[in-house]
Amino acid sequence: MSNNALQTIINARLPGEEGLWQIHLQDGKISAIDAQSGVMPITENSLDAEQGLVIPPFVEPHIHLDTTQTAGQPNWNQSGTLFEGIERWAERKALLTHDDVKQRAWQTLKWQIANGIQHVRTHVDVSDATLTALKAMLEVKQEVAPWIDLQIVAFPQEGILSYPNGEALLEEALRLGADVVGAIPHFEFTREYGVESLHKTFALAQKYDRLIDVHCDEIDDEQSRFVETVAALAHHEGMGARVTASHTTAMHSYNGAYTSRLFRLLKMSGINFVANPLVNIHLQGRFDTYPKRRGITRVKEMLESGINVCFGHDDVFDPWYPLGTANMLQVLHMGLHVCQLMGYGQINDGLNLITHHSARTLNLQDYGIAAGNSANLIILPAENGFDALRRQVPVRYSVRGGKVIASTQPAQTTVYLEQPEAIDYKR
């Protein structure tokens, strides 16, 4: 396929719209979107969407690219717990080199590009006196920029106050260029340390004009309630749109009375949430007998309350999650199941949880299929969101700045009965 800039995308479907559409591109931007009267023939510098669905690129709002591709190195996480994952990572972290981090991150980034992801927020462990992973990922951010916008979270994996020089390392990471301040209050030694760590996180974000993304209450303990501190600080400082609480799996175990009071604060604060269905359903509930908790935050209730929430991977092939190919439709598929969002409308709108909601979480400004926006989009060989999710379709094309950066030829399956018949899994 030619790498020339496209002028038009034809025969496209758009979410919530009837018929076929053509999208005009100029200088890497969407210049106009017009309805078609019927199927149009392909012309030079046009791309045939083949009556597929055109949507903005997938967004990965939460991944750890510094740990990716390390599952089983040197040991596997046998218990499947978050805490053994941290132990296994500590073993692997001792073997880190600059080139090792870059090679593994690039391998997964290529998978993400192939899967239609063009915006990524990665957490990078800064509980390391040398900041090896951070320095490597800052280089990767510049190298991958033509294909992916990469945000880097300075993530204090072993705590801000509970790790030697944790606060100083976190601040140094921001000085070096990390985009987002991270925290992990539930992993600090005490509740008091956890609360204090959040105050320090907000102070650093204000000092360096950074976003905030907290690993928050990623535990089955119903007494882990640091999300209320995150929301209260965000509300007090007027920073809600710039603040994200990731995981909040303990919310799965909160009692109804407390949750009702909490949701009032969450709505007032305007903070964002990221759930990571594949990893949450794998790591949580490990200390339960039966019944076992699903351990995923209250996504359905957040959606009903108008609170911004999205889905991420968290991990791909590392000590916390031994599987994964960086496919966002797999994340969405699991998320809709475990959150019981299985009505037709909920499924059809589900793509928002890995596109528009995630873009809002990352504070992306130039995003969406609209005239004037950058010509960044993907084409799915599907009629609508429901069809895309049910059939788990590949990304037919990923377009960035008006150029195709990835394409996938759809597989064709044939069954040989009385007569050969192609199977497309459509009704």
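These residue numbers are counts, starting from 1, taken along the chain as shown.
Cβ atoms here come from the backbone N, Cα and C positions, even for glycine.
Swiss-Prot lists His62, His64, His215 as Zn(2+)-binding residues, and of the candidates Asp288, Asp314, Asp349 the one it assigns to that same site is Asp314.
Annotated pair His215 (Fe(2+) binding site) and Trp320 (substrate binding site), C-alpha to C-alpha distance, rounded: 14 Å.
Apart from the site residues His62, His64, His215, Asp314, the chain places the Cβ of Ile63, His123, Phe155, Ser246, His247, Val274, Asn276, Val279, Gly312, His313, Asp315 no farther than 8 Å from the centroid of the site's Cβ atoms, the recorded Zn(2+) location. For His247 (site 'Activates the nucleophilic water'), the same-chain residues 6+ apart in sequence whose C-beta sits under 8 angstroms from its C-beta are His215, Cys216, Asp217, Glu218, Val274, Ala275, Asn276, Asn280, Thr297, Asp314. Here the recorded positions are Glu218, Asp314, and the one ringed by the most other CB atoms within 10 angstroms is Asp314.
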